[in-house]
Amino acid sequence: MGDIHIGEAKENIAKAGFLDVDVDPTLDLFGEIERLKKEKNAIVLAHYYQEPDIQDVADYIGDSLGLAQKAEKTDAEIIVFAGVHFMAETAKILNPHKKVLLPDLKAGCSLADSAPPELFRQFKAKHPNHLVISYINCTADIKALSDIICTSSNAEKIVESIPVDQPIIFAPDKNLGGYLIKKTGRDMVLWNGACMVHEIFSLEKITRLKIRHPNAKIIAHPECEEPILRIADFIGSTTGLLKYSQEDAAMEYIVATETGILHQMQKSSPHKMFIPAPPDNSCACNDCPHMKLNTLEKLYLCMEYELPEITMDEQLRVAARKPIERMLEISAKYGL
Ligand code: 13P
Ligand code: SF4
């Protein structure tokens, strides 16, 4: 087991975020993960932005809504969440008696970080008559300060479910919020947060790419900035984008979201071409650095040693659960 002893790695977990031990390179990690799933009655839930190997070993791959719904319904005793912290935390909020594991506790989210609870509390106090709809990409503290949670696949329906004379705060994503204002005609007060991955797409480079691929459809996630959304042929959650790429007749797509989703797009439509929308940065990559902190090795280690585990203050958990339940109820009502 490498140079660092497991006992030492466990002690160091809060600092490292994961079990920092070497894994025997000859170990069949796919086989080991399958063995651990059966032995421990564990389910592996993965977001589409995870690396391809993790997606291939997962029991369920989905967008934030699908993952929350799956976490709520599973009979497994252990939920292994291959995603970022707010996703695993949501699974724990819904499953207080189950063990929820996250391969790397430092897999955070720039969007969730853009809403510090104390500042948000002050912001909310300035709008006392407003109902708070928060995007699921936020911490449990923000969820506890919210009335309803939404994801990119149900946000429009959630906003429309609120009476028209009820003023609304939408947090933390200003891009999704702006998109919803346009779609629903509701004048919402927006928190000024954004996702670091969806803010870096270059309109100029996408326009140039489109000239080289005139038949390509531009498909974008609603976390993208308005100029990108304006030129998109289709806007949707990761599941929405994947479905569109499967059902639409075009043969080429310029995909404006994190590149992890291309794995499933390419797998289900091998005859089509999927081009990642170019970002405006020097490394030319639109990987989410948080999502990509998880690796197959860390996934195996967290299943083997059942660490790192998500733990929560019970009072906070109960308060954060209410707006998630409202979201799940509204989603079920609309068959989402
Ligand atoms: P969805 O998968 O719900 O579309 O969310 C995208 C995202 O940015 C998750 O972090
Ligand atoms: Fe957060 Fe953006 Fe990464 Fe999703 S892609 S986890 S919103 S930083």
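Quick reminder: no glycine exception, Cβ is built from N, Cα and C everywhere.
Residues or ranges marked as iminosuccinate binding site by TrEMBL: HIS47, SER64, TYR135, ILE136, ASN137, SER152, HIS221, PRO222, GLU223, THR238. Counting only same-chain residues at least 6 apart in sequence, those with a Cβ under 8 Å from the Cβ of HIS47 (iminosuccinate binding site) are ILE61, GLY62, ASP63, SER64, LEU67, ALA82, GLY83, VAL84, MET87, THR238, GLY260, MET291. HIS47 (iminosuccinate binding site) falls within a strand when secondary structure is assigned with DSSP.
In the three-state DSSP assignment, the secondary structure recorded for CYS109 ([4Fe-4S] cluster binding site) is coil. Under the heading [4Fe-4S] cluster binding site, TrEMBL lists CYS109, CYS195, CYS288.
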Subject >> Spatial neighbours, same chain, of GLU223 (iminosuccinate binding site) - Cβ under 8 Å, 6+ residues apart >> reply: LEU111, SER152, ASP173, ASN175, LEU176, ALA194, CYS195, VAL197, HIS198, THR257
Original post:
For CYS109 ([4Fe-4S] cluster binding site), which of the binding-site residues TYR135, ASN137, HIS221 has the nearest Cα in space?
Top reply: ASN137
Original post:
Relative to the Cβ of ASN137 (iminosuccinate binding site), which residues of the same chain, six or more apart in sequence, are found under 8 Å away?
Top reply: SER64, PHE86, CYS109, LEU111, ALA112, PRO172, ASP173, CYS195
**OP:** Starting from the [4Fe-4S] cluster site formed by CYS109, CYS195, CYS288, give every other residue of that chain whose CB sits within 8 Å of the mean position of their CB atoms, in sequence order.
**Re:** VAL84, SER110, LEU111, ALA112, ASN137, MET196, VAL197, HIS198, GLU258, HIS290, MET291
**OP:** Identify, among the binding-site residues CYS195, CYS288, the residue whose Cβ has the fewest other Cβ atoms within 10 Å in this structure.
**Re:** CYS288
**OP:** Can you check which residues sit near HIS221 (iminosuccinate binding site), meaning Cβ under 8 Å from its Cβ, same chain, 6 or more apart in sequence, and list them in order?
**Re:** SER152, HIS198, ILE235, GLY236, SER237, THR238, LEU241, ALA256, THR257, GLU258
**OP:** Using Cβ-Cβ distances, find the residues under 8 Å from TYR135 (iminosuccinate binding site) that belong to the same chain and are at least 6 apart in sequence, listing them in sequence order.
**Re:** LEU111, ILE149, CYS150, THR151, SER152, ALA155, PHE170, ALA171, PRO172, ASP173, LEU176
